[in-house]
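Everything on this sheet refers to the single structure shown next.
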Amino acid sequence: MKAKLLVLLCTFTATYADTICIGYHANNSTDTVDTVLEKNVTVTHSVNLLEDSHNGKLCLLKGIAPLQLGNCSVAGWILGNPECESLISKESWSYIVETPNPENGTCYPGYFADYEELREQLSSVSSFERFEIFPKESSWPNHTVTGVSASCSHNGKSSFYRNLLWLTEKNGLYPNLSKSYVNNKEKEVLVLWGVHHPSNIGVQRAIYHTENAYVSVVSSHYSRRFTPEIAKRPKVRDQEGRINYYWTLLEPGDTIIFEANGNLIAPWYAFALSRGFESGIITSNAPMNECDAKCQTPQGAINSSLPFQNVHPVTIGECPKYVRSAKLRMVTGLRNIPSIQSRGLFGAIAGFIEGGWTGMIDGWYGYHHQNEQGSGYAADQKSTQNAINGITNKVNSVIEKMNTQFTAVGKEFNKLERRMENLNKKVDDGFLDIWTYNAELLVLLENERTLDFHDSNVKNLYEKVKSQLKNNAKEIGNGCFEFYHKCNNECMESVKNGTYDYPKYSEESKLNREKIDGVKLESMGVYQILAIYSTVASSLVLLVSLGAISFWMCSNGSLQCRICI
């Protein structure tokens, strides 16, 4: 019996066994990503795809300065408001900056026809050539060309637009006029003019000497006849009269003809336009700085190569796509679940089931071994490098596909087009929602695939070791194997590099396996003997207890015993 109890004790004092575990890298990263199935998954490595910062300044765009309109609007600049005279010399720019409420627009009150469309056209212009379409001194010999207005004063004196001429009577006459221009610039030419609408017939007679005036403007793509509307109007900038402003684009080789017998605000300067796909008009109060950037928004410049941004939907230059997302992070590493570094019954550190290894720093997947010569970590470089290459290519591919750099300028609508503007906003919002949904779904799917890819790689590494060891070792859980034979460092290395010699260790493993199986059988016999002894002893104790209770009850009369024959 003593011998059997000794065998039982031996089963609880198992001898040391060599082990090898398959696991993965872990670190102290707090990066979190979302997947299709989970949110806020902590991972070892990830890349951000969403730019959410800007410098708060207006910058040069690829070394080219913007055109800052200052206190002038686009209308004041292009018509030549005297207060915008400093802008006349500006002929090239990277983009145009207009403040939210500029003071200097049309100095003489009136309606600017198709102004929003003109802004849209100018938003794609990066430079122009300003030239005299009808020279002031020679084009109108029979008319006075010095018409001015107090509403367009400059330096305290009455003045007028720098790109238009107000033609009035000369020597008491206003002869019919006819003037034409042929576009020989090999570019589109922007031509602007106006029609004066006096407040009463007396002003009409005094300036133009006719009550039935007209203005006709004709080109291959434009034809319109204007009749002055003489009426008293509320004063604006101390003026009861109005000037309505018009424009057209003249194609190369085309001719524009002006005919009038009064009320014409004639073109003086026109503009040969050069288009630039990265130009645009933004409305901003941001300060100008000497910085240089590739992407500009009204809030500030963005210097980023990321595919998405949530700074502002209006952008100029090579800019990330605007989305409404608050977070777009793509996983490149593994789930970050550092294992509790405690040792189990066999001294093995938890493997890929319970968590990763912070001690393995030179790879994503690998091994931890323990034998008589010590213990240590080793990364599986081949599987790690293959994974890095695959994920890097995938991330680069996603960024390349989604990183469509472009300019997104705001669309222009006048006050009478609110329904169209609201409809446009709904359409834009719809597209923006689709873009945001597509971007978020893409990241969620790729994150799910990447984490599954890592899990698959760890499993494949585990199966690789298992197929080599076969029955020379046993699986003990947590991604670990316990050898049935001694496995020194050379042996461990052969398992890691796939050259493990199974036949070399099979005989030793067989003997040790049989010994362990014998101990198990002997232990089972001991358990059976103990079970029998325990049952018999328990029964005897129960019988003695019942007899004692019966004797006590009979002695005090609580229990009567009768024997009938």
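Using N, Cα and C of the backbone, Cβ positions are placed for all residues, glycine too.
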With C295 as one half of a disulfide in Swiss-Prot, pick the other half from C152, C319.
C319
Need the cross-check against Swiss-Prot: the disulphide partner of C59, picked from C152, C291, C480, C487.
C291
Candidates are C21, C72, C152. Which one does Swiss-Prot pair with C107 through a disulfide bond?
C152
I need the CA-to-CA distance for C152 (disulfide bond) versus N40 (N-linked glycosylation site), whole Å please.
62
Number of other Cβ atoms within 10 Å of the Cβ of N497 (N-linked glycosylation site) across all protein chains:
12
Distant-in-sequence Cβ neighbours of C72 (disulfide bond), under 8 Å, six or more positions away:
N81, E83, C84, L87, P102, E103, N104, G105
Roughly how many angstrom lie between the C-alpha atoms of N303 (N-linked glycosylation site) and C295 (disulfide bond)?
6
Say you check the Cα of C59 (disulfide bond) against those of the recorded positions N27, N40, N142, C319; which is nearest?
C319
Same-chain residues six or more away whose CB lies under 8 A from the CB of N142 (N-linked glycosylation site)?
K170, L173, P175, L177
